[in-house]
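Per TrEMBL, the features are:
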- 138: active site (ACT_SITE)
- 292: active site (ACT_SITE)
- 322: active site (ACT_SITE)
- 60-206: domain 'Alpha/beta hydrolase fold-3' (DOMAIN)
- 249-325: domain 'Alpha/beta hydrolase fold-3' (DOMAIN)
């Protein structure tokens, strides 16, 4: 299937998609110093409030969404300016390498390397080492969760103060959770696209998408092992009232598993991290949207964090859909619930 997509112009589809999403170049911002730099060879854009500050500011590492395939510093320029201005924080937006040209773990490694560099050079940006936050939406939320887990056990760097996960995608074991069926055809992220992006990030192609969607890519014993974390049973009943499809049993296909077994790595699917890692995580903010296939990933991670004694602030947009934050003031569009979501992120950050 991946080969067919190549032949029918997958590459041109992706190039076109990137062009459409690239965002307009914005003029100077009267309230911010903005500069493009490199942290450990990773391109970043740093936003610093111009106003003088009483003390050292918070620092926010921002990883953009776009299915690991789309998105750039320009696409999220308005969001990052807003975060920096409204929370009076230094924001570092990270331009990690994109799939399918750069497969997993490229994006994760870029985000980790940029974060480590920042943590080692905080004084240069006037940032308080006790108040550094990782933040991301969608695929960026996945990367923020993975970076946060990796740094949780590190004693040689300042500890992260918090993680902000905006409708994150956190697992690729089960594309049949209730939110996947309820919102399978809801823009901006269809159920098929979620699996498509995960496969492009993992392997650089979308072969075996059908098997991954139906769930025949995970061995039964593993499915059983992870059931305690990835299961509709862990999702509050009120999220199932829109109907849940009972799953018919499907056969496991070993050769498909061989091509996707890295889906079981927590750096790719943070929901699968062991409790010993999860309980070391910093205070967390999770935003979910009702009309989003990834809603249940966020709900399951919220439960895991809480079960491990991590403080979670949860914001649920009842009328929200996937990608709504990135549409903040986008080409004249704005959705009230997107602004509400963004402001809840700002308020959480200001409380730290």
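Including glycine, each Cβ sits where the backbone N, Cα and C put it.
Known features from TrEMBL, placed on the structure.
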| residue | record | CB count, 10 Å |
| --- | --- | --- |
| 138 | active site | 30 |
| 292 | active site | 28 |
| 322 | active site | 27 |
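Counting residues of the domain 'Alpha/beta hydrolase fold-3' (249-325) by DSSP class, helix then strand then coil, yields 31 helix, 19 strand, 27 coil. Recorded residues residue 322 (active site) and residue 138 (active site) have their alpha carbons 8 Å apart, per Cα-Cα distance. Across the domain 'Alpha/beta hydrolase fold-3' (60-206), DSSP classifies residues as 62 helix, 25 strand, 60 coil. Calculated from their C-alpha atoms, the gap between residue 292 (active site) and residue 138 (active site) amounts to 11 Å. For the domain 'Alpha/beta hydrolase fold-3' (60-206), the model gives a mean pLDDT of 97.
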